[in-house]
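Asks: My structure is below; once you've seen it, I'll send some questions.
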Amino acid sequence: MAKSRDRTEDFKDAIRATAPSLGYNESKLAAVLASFILHKPVEKSPFTKAALKTLESISELECFIVKHRKDYVDMHRITEQERDNIEHEVVIFVKSCRDQINILQNMICTEEKSTNTKSWLHRRDDNINADVVAHKHGVVLILSERLHSVSVQFDRLRTIRSQEALNRAMPRRKINRVIHSTSSEQPSEPSASSIPELGGQEPTSRALRVQDQLMDDETRALQVELSSLLDAVQEAETKTVEISVLSHLMSTHVLQQAEQIEHLYEQAVEATNNVEQGNKELSQAIKRNSSSRTFLLLFLFVLTFSILFLDWYS
């Protein structure tokens, strides 16, 4: 047997000789020759591009939370309005990521419906099979779990903010109670200081009225501040409930997707077993067909010679 010969260089020489007649310049010819060594990367599917975009959005959300964590938790860094703005941005981020994950899920469902035709061995007519569908469901599950973990981080920060607001409100309540108790005790003081022996009844009563007015003004200011703090706490509690509902919905979707992935995996295993069993049945059928042909030819051969022998013998 003759030895094999490497004709790659001859092939390249033939390309160099033919390229000028086809209108290729030096740059195009170099690109063609380089393509023999460096293959072009495989173009990503729309699902893969959308999944990578969703992962990038979730990473940006996590970076945003980490960047504004201290500002959101520490009450002396920024105002309450700025904290509300940060919270609003995070909610918008979470909703957009959730919408992107739903789009991925809808893409999988649409692809399953469009390629729902199966043969008797449970194999799809195109390149989409149960393993690819299970892989895509797994990608959606991982993205959902990543978004859920990021949302839990912000829920913890929101809980800290609510607890700090409650802690600030409780001492103000105690101060308000003390002010009310002192204001209730003050009317007894003018009676003690209104003795004729002191001779300063009018200046003392005027000073008491000024003191009472100051105490009333301070009490009203504290009440207004306390009511604003209570409103902020109630609003924070409402938003916390909303985030908790969203987290519960995401957890429910994650569980449903996990069940779907398990079901698809079982279908993929069953399809693989059916394919293997079908291949065994086909091989056995081929063997039986070949043996039946051999037996039929042998039977016809024996029958022909028997007829010829009987004809000769008669």
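Placed from the backbone N, Cα and C atoms, the Cβ positions cover glycine too.
This is the feature table in TrEMBL:
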| type | residues | note |
| --- | --- | --- |
| COILED | 219-288 | coiled coil |
| COMPBIAS | 181-197 | compositional bias 'Low complexity' |
| DOMAIN | 5-86 | domain 'SNARE-complex protein Syntaxin-18 N-terminal' |
| REGION | 179-207 | region 'Disordered' |
| TRANSMEM | 295-313 | transmembrane segment |
Asks: May I have the DSSP-based helix, strand and coil counts for the residues of the domain 'SNARE-complex protein Syntaxin-18 N-terminal' (5-86)?
Replies: 58 helix, 0 strand, 24 coil
Asks: Averaged across the domain 'SNARE-complex protein Syntaxin-18 N-terminal' (5-86), what pLDDT does the model get? Just tell me the whole number, please.
Replies: 81
